[in-house]
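Data first, discussion second: the structure below is written as structure tokens.
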Amino acid sequence: MSTLLIALLAVPALTAMVLWVLPVSFADRVAAVVGSVISGLVLVGSVWLWIDYLRPADGPGTLVGFETAPRTLPGKLYPFAETDLEWIPPLDVRFHIAVDSISIPLIMLTALLVFLCCLYSLRITPRIGRTRSLIALLLVIETGVIGTFSAVDLVLFFLFFEVVLIPMWLVIDIWGDEHDAAGRRRAATTFVLMTVLGSAVMLLGFLLIHRQAGTFDLEVLGNNPVAGGRGVPLAAAILVALGLAVKMPLWPLHIWLPDAHAKAPTVGSVLLAGLLLKLGSYGLIRILLPVLPEATTTIAPYLGGFSTVAIIAGSLACFAQTDVKRLIAYSSVGHMGFIGLGIATMSPEGLSGALFANIAHGLITGLLFFLAGAIKDRHDTSDLRTIGRALNARLPRISGLLVFASLASLGLPGLAGFWGEMLALLGAYRPADSLPRTTFLVFMVIAGLGTVLTAAYFLRLIRNLCQGDPAEYPTTAFAVDLSRIELLTWTPLVALTVVLGLAPWLLLDYWNFV
Amino acid sequence: MPLVLPLLLAVLLFCLGVYGVLARRNAITMLMSFELMLNAVNLNLVAFDAWRLDGLATGQTLAVFVITLAAAEIGLGLAIVLLLFRGHGHVDADAARDLVEQDGGIPAADGAGTAAGRTAVEKGAAS
Amino acid sequence: MIATTWRVVGVGFSLLVILAAILLSGVEPQQTSFPGTGVGPDVFWTFDLRTDDLTVLLLAVVGVVSACVQVYSIGYLHERAASYTALVTLFTAAMVTVVVADSLFLLLIGWEVMGVCSYLLIGHYWERRDARSGAMKAFLMTRFADVGFLFGIFVLGIGYNTFRISELGSGPISPGALTAGTVLLLVGVVGKSAQVPLQTWLPDAMPGPSPVSALIHAATMVAAGVFLIARLYDVFVEAEATLTVLAVVACVTMLVSALCAMAAVEVKRVLAWSTVSQLAIMFAGLSLGTEDGRHAALFHLVTHASFKALLFLCAGVLLHQVGSAAFVVLRRYTRRGALRRAMPVTFVTMTIGLGALAGVPGLAGFFSKDSVVEAAWHHARDGSTIGWVVLVSVCLTAALTAFYCVRLWLWTFFRTPALAGALGAFEDDDPMADVDEPDTSKLREPSWLMLGPLVLLAIGAAGLGYADGVHVHWGVALVTTVLAVFGALPAYSLWQRGADPRPVVLEHEFGLDAAYQGAVVVPVRWFAKLAVLGDRDVIGGYVRATGRAGTLASQGFRLLQTGNVQTYLTAAVIGVVALAVLAGVIAS
Amino acid sequence: MTTALFSIAGAVAIAAAVLVVTSRRIVHAALWLVVALGAVAGCFGALHAEFVALVQILVYVGAIVVLVLFALMLTKAPTNPLPALTTRRSPFAAIVAGVLALLLGTGVVIAFGNEKIEPVPAGSATDVGTAVFRIWVLPFEVLSVLLLAALIGAIVLSQRKLSERSDRLSSSGKED
């Protein structure tokens with residue numbers, strides 16, 4: 001039993017319930033304060049968990065160094081803070097949660113982003129109002145995401161996976177783009193239908209795994225992986241990969257993503273891009289690789305191929321976007337393509353790269369969506385043509401941050417975005433021995449060109465949005481540059497982007513796969 | 001006496017009842033057809049009772065029970081028919097389509113159904 | 001206030017770099033370990049630093065030039081000075097990182113941060129269209145090259161099983177991997193140093209502030225490619241094929257860009273092409289694969305840094321005081337001799353710089369270029385084809401260089417005797433040819449904040465040739481001088497006749513930009529449209545079709561809801577019958 | 001003897017039942033129902049189930065048919081023959097019913113084709129009485145409750161005001 005981990009799961013959910021129970025007259029502002037405090041506590045708790053994890057088992061002491069970190073198989077769970085309870089014995093389902101060095105950073109990212117979103121909501125809320133419900137939903141999402149990252153039982157994983165969907169659907173549907181009610185409804189419906197379909201397929205895969213191995217427990221499955229690369233294991237691998245690929249999303253299953261991101265409110269986009277996409281890649285690393293290694297070998301080249309296509313297609317699609325939020329959403333397709341490629345290589349480098357890119361993408365895209373939301377709030381539209389150019393002159397600080405975030409997102413070395421992409425490419429240069437190397441070399445070269453395309457569309461964004469002749473686009477009087485709450489919210493993201501860019505060993509040391 | 005005789009009679013009665021329920025327009029005749037079907041069941045019960053002779057007269061008892069049920073059923077059924085008549089001015093089961101799936105899923109306004117029903121009744125009265 | 005702070009920080013940092021160079025000079029090569037990280041069993045990298053002679057040399061160059069530029073910028077630039085100075089400082093730090101890095105990844109970080117600073121600084125005047133597009137082009141071309149660079153790091157790092165620069169070159173590596181790795185690194189170098197075929201970004205980067213051009217696009221960043229090859233010389237010497245490629249690239253580049261410089265009509269553009277050409281001379285020296293060649297290349301790097309930075313700063317003075325560095329505008333002042341008279345310091349320093357560039361005996365460029373020629377001659381004498389090719393190309397380039405230097409000098413500062421008072425060869429391009437004479441009375445020297453660096457760099461441009469110990473190969477010196485004179489004479493005679501013929505192919509800079517536009521930019525736009533349409537009409541079409549099929553099906557099922565009890569009953573009876581039949585069929 | 005009796009009664013029942021579902025006069029159909037039910041009672045008698053036969057006549061003929069006739073009266077059912085007493089689906093319904101009859105008949109013949117009902121010596125009223133009040137007493141009581149519920153239900157349904165319904169409908173119409 002680990003009280004801390006259970007508390008991380010329970011506290012947000014209970015708070016959400018309390019917020020709903022409270023009378024309607026209860027002020028929205030207080031709700032935001034409550035949400036910020038609670039999610040702040042969760043953040044503290046998750047950081048504590050990480051420190052706890054790094055501490056050797058025998059009492060307080062120094063953090064373990066590089067040499068003593070557990071050397072793990074890719075994605076295999078080495079449980080920490082474990083809780084294992086009977087839950088539904090007839091179905092062989094247990095309430096089994098645990099974390100390890102792969103999931104704790106993601107949990108910290110979750111806690112951080114939700115905390116920042118709540119903090120942001122203190123001052124800046126969607127125009128529709130009803131902040132109390134929004135905060136409650138954010139907290140439910142937090143519970144779901146943390147639960148997914150800590151579930152050891154496959155059915156539990158599925159359950160938490162689903163818990164996230166409905167609140168996010170509501171967030172998009174209720175608080176989405178206030179100018180386009182039909183559009184946001186369509187986006188929300190497409191999102192929920194496609195992801196539910198994906199998770200249904202995934203559940204089918206889980207059932208096949210259970211049929212093959214007789215257990216849903218990832219810990220057991222990690223120690224006794226399902227052998228065989230044909231027949232049922234292959235089918236299970238395809239189903240699981242397909243289900244998670246919808247979430248990730250991998251080309252061509254990404255079609256829900258641009259709409260959902262573009263129509264969601266700022267905090268919704270941030271969580272959607274920063275957290276929800278990670279559920280897919282995390283699932284691939286945690287479930288597909290350790291449980292079905294041989295079947296994954298069979299499908300890995302295809303996974304890599306689709307990821308590569310995602311990189312190129314996502315980047316190309318960005319060129320033709322006229323909506324800043326859609327553009328950033330499409331950029332996520334490209335970046336998740338790098339993560340998919342890293343996973344597909346099944347090599348330590350590729351996997352570390354995928355994991356690092358997960359974190360980095362969460363931070364950077366979170367920041368980008370915050371910025372896009374800020375720009376949208378100030379101009380009441382996210383259409384690039386309506387916003388106009390020369391943002392450098394009108395909103396110099398926000399514009400500067402946008403340039404920073406764009407540079408980070410295009411994978412500038414020295415910022416967090418680089419290491420993940422670099423390691424994914426390195427993994428493709430040297431994939432696992434069982435994979436066809438030439439194929440992956442081709443993927444590497446194409447993905448490398450993809451980084452150039454990524455740079456190109458971000459520069460195009462900067463050129464068309466930040467730069468330009470200010471005489472043609474005069475400053476609007478009411479537009480405020482970088483408010484205090486925005487500064488407060490974004491500083492951690494910027495700081496972490498720089499810190500992780502300069503000191504990647506803060507995370508990489510603990511993903512030392514054999 | 002061969003057992004199939006009452007059984008076949010029951011089958012015929014039952015199927016006539018089925019036909020009546022499915023084909024008759026008037027709600028009261030539908031109810032009458034129900035009675036036919038119930039009788040077929042009773043016939044079966046009694047026939048099997050006479051065949052098995054279990055000494056408890058199970059079949060006959062159940063037949064009596066079914067007759068009682070039939071009485072209750074016809075009472076309720078006729079009440080419903082009367083309600084239908086008061087609401088629509090006719091007892092035409094074929095024309096009672098309040099539950100029809102409209103465009104947009106909104107049930108039909110009462111007026112249309114009533115008017116149609118009235119014309120049907122008037123036609124019947126005229127002929 | 002913030003700007004002042006940043007200026008102090010910037011100048012202070014530059015001085016610190018100089019101090020570090022002074023302190024480190026003569027010290028034994030040493031390495032400093034920093035924590036590293038790794039993934040998997042055998043991929044491990046650290047962020048180690050190292051110092052040796054090469055580091056000290058580059059640190060000195062970077063420190064001096066950036067100090068000059070920082071001081072110069074105080075006088076030169078007034079708007080958005082804070083971000084500008086911060087970026088220049090960041091750039092200096094990145095360059096220092098590149099110089100002291102002992103880890104390929106640390107080097108890559110510095111390498112790319114330099115690129116970003118270059119991008120942001122070129123785009124400093126983001127109101128201007130040419131600055132925006134030039135910045136974007138510069139970043140994209142170098143970024144493209146950097147992908148090759150990254151892959152080169154992969155190949156070499158995995159091949160040598162280390163990412164430490166000091167450990168590269170020793171250990172087993174297959175010849176194929178060595179060639180592939182070095183060629184890929186070379187791609188990065190070619191992009192960064194604007195060599196053929198990625199040379200077009202450098203001239204287009206000229207809309208940036210002149211001090212930036214001096215620091216980034218003349219003295220340091222573009223020379224980082226030379227530094228890198230010099231740093232990894234052991235590895236490159238092993239890979240003969242790569243050196244051949246490098247030699248070919250360098251020779252083609254030096255001639256092509258010198259030819260382009262001959263047709264450029266703006267001071268900074270001439271200088272930019274000349275930078276490309278001079279960098280190619282350094283690469284030519286490196287491509288010889290001899291220690292002499294490396295030495296000559298680095299020597300030329302140092303002298304070039306001083307005189308090219310000087311020239312760009314002079315161009316900056318012209319821009320700052322006159323408002324433009326285009327020949328046509330400058331001619332308007334020159335016609336009345338105003339330019340020389342009003343700005344004597346600028347004139348003198350620029351003359352020294354151009355002299356050094358053209359290889360006037362006694363000035364820095366003369367010695368360093370001759371050392372390259374000499375190294376090539378020695379190599380060629382040993383029977384190397386590369387040596388001959390390099391020798392011939394550098395000599396030809398010397399002549400072309402002298403031509404465009406003299407052309408620039410004469411047209412900018414002197415009245416044409418042939419067409420006294422007329423605009424001469426450039427009037428076709430002049431949008432304001434009909435306008436009255438410019439007001440020359442306001443033309444004067446800038447403040448000493450700007451002139452100081454000029455003088456300092458001019459001293460370097462004049463005297464750095466003697467820093468390496470004077471050893472002149474008289475034969476080589478004679479040949480290059482004669483060639484320079486041969487190059488200078490046509491320029492003089494053309495100027496005297498008031499003519500400036502510019503072949504179309506040179507004016508269009510061999511049409512490479514148009515080719516790239518057609519081969520890369522347009523297809524990418526096409527594919528972008530294709531991708532969006534594909535998403536909308538193909539993939540989205542499937543999704544929408546699924547939705548529509550669901551709606552249609554539900555509409556079909558709605559028809560079953562007749563509201564008629566008897567229909568329902570009929571259906572139920574049919575169902576029962578069917579089930580019974582089915583059960584019978586299954587049972588039998 | 002009983003077989004012959006049964007056959008005659010059965011034939012009458014069938015004929016009457018056919019008339020019930022085909023007669024074009026509703027009132028006639030109700031009267032034919034009396035005949036059919038009576039004939040079935042005869043069948044019961046032939047099967048030595050006198051008590052059931054009596055109950056059949058009492059309840060069905062005495063009560064139910066009267067109720068039906070009342071209902072016909074209350075709904076102003078015309079006594080003249082109606083042209084459209086069956087729906088358009090009647091041929092289809094006939095086919096369905098026919099197939100069902102075929103199916104059931106085949107099943108019955110296959111299952112019980114060789115079984116015979118042994119003649120019973122005496123009437124069974126005593127047995128039924130004993131069974132009802134000994135073994136089936138609990139269902140019997142439950143049945144009485146059911147009858148009560150049906151009674152109340154019928155009253156509630158017929159007492160319902162029309163105006164309530166139309167109000168509800170119109171108000172729901174407004175909501176939509």
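Positions of Cβ are set from backbone N, Cα and C atoms, glycine also.
Caution: TrEMBL annotation is automatic and unverified by curators.
Keep in mind it's a predicted model, so treat the numbers as computed, not measured.
The transmembrane segment feature in TrEMBL is assigned to A:6-23 (among others). Within the chain carrying the transmembrane segment (A:6-23), a Cβ under 8 angstroms from the stretch's Cβ atoms is held by residues 31, 34-35, 38-39, 41-42, 45-46, 49, 83, 97, 107, 111, 114, 132-133, 135-137, 139-140, 142-143, 146-147, 150, all 6 or more beyond its ends.
Annotation comment: TrEMBL describes A:30-51 (among others) as transmembrane segment.
Taken from TrEMBL, the feature transmembrane segment applies to A:102-122 (among others).
When Cβ-Cβ distances below 8 Å are used as the criterion, the transmembrane segment (A:134-152) is approached by residues 5, 8-10, 12-13, 15-17, 19-20, 31-32, 34-35, 38-39, 42, 46, 77, 79, 82, 84, 96-99, 103, 106-107, 110-111, 114, 117-118, 121, 125-126, 159-164, 167-168, 170-171, 174-175, 217-219, 265, 267, 271, 275-276, 279, 282-283 of the same chain, each at least six residues removed from its ends. According to TrEMBL, the feature transmembrane segment maps to A:134-152 (among others).
According to TrEMBL, the feature domain 'NADH:quinone oxidoreductase/Mrp antiporter transmembrane' maps to A:151-430.
According to TrEMBL, the feature transmembrane segment maps to A:188-209 (among others). Long-range Cβ contacts of the transmembrane segment (A:188-209) within its own chain (Cβ-Cβ under 8 Å, at least 6 residues beyond either end) map to 154-155, 157-158, 161-162, 165-166, 168-170, 172-173, 176, 216, 221, 226, 232-233, 235-247, 253, 255-256, 259-260, 263, 283, 291-292.
Here the transmembrane segment (A:229-246) has long-range neighbours at 194-195, 197-206, 208-209, 211-212, 253, 256, 279-281, 283-284, 287-288, 292, 294-299, 303, 306, 340, meaning same-chain residues at least 6 beyond its ends whose C-beta is under 8 angstroms from one of its own. If you look up TrEMBL, you'll see A:229-246 (among others) marked as transmembrane segment.
Annotation comment: TrEMBL describes A:267-287 (among others) as transmembrane segment.
If you look up TrEMBL, you'll see A:299-320 (among others) marked as transmembrane segment.
Feature annotation from TrEMBL assigns transmembrane segment to A:327-347 (among others). A Cβ distance under 8 Å defines the sequence-distant neighbours of the transmembrane segment (A:327-347), meaning residues of its chain 6+ beyond its ends; these are 74, 245, 248-251, 254, 257-258, 260-262, 269, 273, 277, 280-281, 284-285, 288-289, 296-297, 300-301, 303-304, 306-315, 317-318, 321, 353-354, 357-358, 361, 365, 368-369, 372, 384, 409, 417, 420-421, 423-425, 427-428, 430-432, 434-435, 440, 443, 447, 450, 453-454, 457-458, 461.
Taken from TrEMBL, the feature transmembrane segment covers A:353-375 (among others).
If you look at the transmembrane segment (A:439-459), the same-chain residues 6 or more away from its ends with a CB under 8 A from one of its CBs are 301, 304-305, 307-308, 311-312, 315-316, 318-319, 327, 331, 334-335, 337-338, 341, 344-345, 406-407, 409-411, 421, 424-425, 428-429, 431. Annotation source TrEMBL lists transmembrane segment at A:439-459 (among others).
Annotated transmembrane segment per TrEMBL: A:487-508 (among others), in sequence order.
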Contact set, same chain, for the transmembrane segment (A:487-508): CB under 8 Å, 6 or more residues outside the stretch: 66, 105, 112, 116, 119-120, 352, 355-356, 359-360, 363-364, 366-367, 370-371, 401, 404-405, 408, 412-419
Cβ contacts under 8 Å made by the transmembrane segment (A:353-375) with residues that lie 6+ beyond its boundaries: 102, 105-106, 109, 113, 116, 120, 124, 261, 265-267, 269-270, 273-275, 277-278, 281-282, 285, 324-325, 328, 331-332, 335-336, 338-340, 342-343, 382, 387, 391, 395, 398, 401-402, 405-406, 408-409, 415-417, 419-427, 465, 486, 489-490, 493-494, 496-497, 500, 504, 507-508, 511
